[in-house]
Amino acid sequence: CAIYLGCCPSTYNSTVSRLAFSFLLLLGSLVSVIMILPGMEAQLKKIPGFCVGGTSITIPGIENKVNCDVIVGYKSVYRMCFAMACFFFLFSIIMIRVRSSKDPRASLQNGFWFFKFLILVGITVGAFFIPDGTFNTVWFYFGVVGSFIFIIIQLILLVDFSHTWNQSWLENAEEGNSKCWFAALLSFTVLHYALAFSAVVLFYIYYTTGDDCTEHKIFISLNLIFCIIISIVAILPKVQEAQPSSGLLQASLISLYTMYVTWSAMTNNPNRKCNPSLLSLVNNTPSPTPSPGQEVQWWDAQGIIGLVIFFFCTLYASIRSSNNTQVNRLMQTEENQGLAADDHEAAMGEDGVRRAVDNEEDAVTYSYSFFHFSLCLASLYIMMTLTNWYQPDADYQAMQSSMPAVWVKISSSWIGLALYLWTLVAPVILSNRDFN
């Protein structure tokens, strides 16, 4: 209890703090999902005396005063994610240049959880009093920019995960049954490439049939070429010499993710001839054209997959401990393995009881400020995913798909591929620098 109230500032655990902040983000995301569920507004209007235009009752003092159009639907998601983004951005500013747990601000990072939860609740309540108007349009563009950056961060985290995965299984192969571990590595690599190649074939069949689908053909072809390039570079002798742990497992996983981003981008094309719904593909019927005022349907396949990848990356960012120098520099983290080992020994007391210790007294194991900035961007990404990247129309009564969302996703996939390529060739090009 002392830890969560912040009364014991000498006790720290960086992983627990990251998990706790990530839990607040996931909690807010869950609330946003509930708010945008279909039929939620209709159910709220059934509550007597609650919603404007809802069921009325004759009990004195109880009137229908709540605008349920704001507390559900895409407007509620915008406000909920606005509150989370403001909360994490505030902490990102506060935690700038925190170098060790001796900094007084470190106790705010690792404690006072009850009060931080109250601050988040207060910002959320205030966000729902923001009037309609330009807020929805302005915040949409904030969401587009933030999501663009977060997609790149997701790809960096996948690069780090694939590097760690590959290195771990290679070490297991050296210590134990090498044939079994190498077979497992080969199986997953082939699986990733098979899924990526199958996706390319399906994209050409279903997303390039219209006369105005030239952009889709370019997107698919370019990303296919880029994925082939990174796969070849990953196994070049000089790259292998500089990075023995690099290989096709990482390249295959990045290729698969790139194809997902390509698909996600194409599903935001407002031209229904180039963007058939999965339901229409299954039933072999034309995709219906959305009518004005139609509800936003985020729970399609790409939205659900996007949420799954988001939850995985958020969890991984909270527990990651990587020795990949290039990724650590991109993510503003420098994990000190020696320090962690010393902490493990110090955590066990003389009486055999494990106690919490300050594992960041000399230096923090990750950038507090950048971690909160990443969660701020994650809040914007979850907002855009739940609203399917749709843009509010001129009178803010409906949501429309737009081409800017398509270009944002595609360009983020290109930048992500460039960053992965840099992690491969940097030790070769900058041979005078230490990347080990």
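Glycine too: its Cβ is placed from the backbone N, Cα and C atoms.
As recorded in TrEMBL:
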{"type": "TRANSMEM", "residues": "19-40", "note": "transmembrane segment"}
{"type": "TRANSMEM", "residues": "77-98", "note": "transmembrane segment"}
{"type": "TRANSMEM", "residues": "110-131", "note": "transmembrane segment"}
{"type": "TRANSMEM", "residues": "137-159", "note": "transmembrane segment"}
{"type": "TRANSMEM", "residues": "180-206", "note": "transmembrane segment"}
{"type": "TRANSMEM", "residues": "218-236", "note": "transmembrane segment"}
{"type": "TRANSMEM", "residues": "301-319", "note": "transmembrane segment"}
{"type": "TRANSMEM", "residues": "370-390", "note": "transmembrane segment"}
{"type": "TRANSMEM", "residues": "410-430", "note": "transmembrane segment"}
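Stretch with the largest number of CB pairs closer than 8 A to the transmembrane segment (180-206), among 19-40, 77-98, 110-131, 137-159, 218-236: 218-236. When Cβ distances are compared across the two stretches, the transmembrane segment (110-131) makes no contact with the transmembrane segment (218-236), since fewer than 3 pairs at least 6 residues apart fall below 8 angstroms. The stretch in closest packing with the transmembrane segment (218-236), judged by the count of Cβ pairs under 8 Å and taken from 19-40, 77-98, 137-159, 410-430, is 410-430.
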